[in-house]
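Working notes, beginning with the structure itself.
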């Protein structure tokens, strides 16, 4: 029998947001969405630093509370920086999120993702198609976008089973696959999250922002599963509010509204009533 997601993570939903501290999140990411990610962190009262030079790692790791590694724009130098940061994070017990952007598109990203997984990060995320490829299932994704064909009930169940298999080798890692229904899998269980609106797929960086939000919550000491569930639900609810307030506007206005809600919605006592999801 399924359980309502807010019952399972009641304490986290009640206390995680608004933040009571300002975790410093080190982001090694892509140039396309770096500004959106930095501002999203600031909007929830976290602090971003976008430092990807290995020479600075010892000093920045000593200051930061969490690490986000995003594969959105790969070069030979950035690949080496991502690998070095992953190892540094493991050695210093830094909470880490790996965002597998484009892993379904190229073998290089697939291999890099698995190299980073070997460091036992806290969270590994991607869209449904990316996570299917990562789990060695057939994926119909193109570029960095997920495919509707990968989001059927059968495909989602197949992915959940494959990710559960991965948790046997990586029991301290939580896996997130985002889509129309978001799938969260860890050694502790499987959860479906059901908030969001289609417009969130229509502007770039939404998945990157979710990764940053997860890292921020990990930086406050929240456990992996709770950080993922709360961050995904919160961002999707921000999108729902923005869509409701922007019925006649365009996508640019919707984007602005969603980002605005990051700094507003947590102060609304009834936002938890919006959350939809279940534990399987």
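Cβ atoms here come from the backbone N, Cα and C positions, even for glycine.
Per Swiss-Prot, the feature substrate binding site maps to 50, 205; the stated evidence is sequence analysis. Sequence-distant contacts (6 or more apart, same chain, Cβ under 8 Å) of residue 50 (substrate binding site) comprise 26, 27, 28, 29, 34, 38.
Following the DSSP three-state reduction, the secondary structure of residue 178 (ATP binding site) is strand. The number of other Cβ atoms within 10 Å of the Cβ belonging to residue 178 (ATP binding site), over all protein chains shown, comes to 26. The feature ATP binding site is assigned by Swiss-Prot to 125, 178.
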Least Cβ-crowded entry, counting other Cβ within 10 Å, from the binding-site residues listed as 125, 205: 205
Three-class DSSP secondary structure - residue 125 (ATP binding site): strand
Rounded to the nearest Å - Cα separation of residue 178 (ATP binding site) and residue 205 (substrate binding site): 13
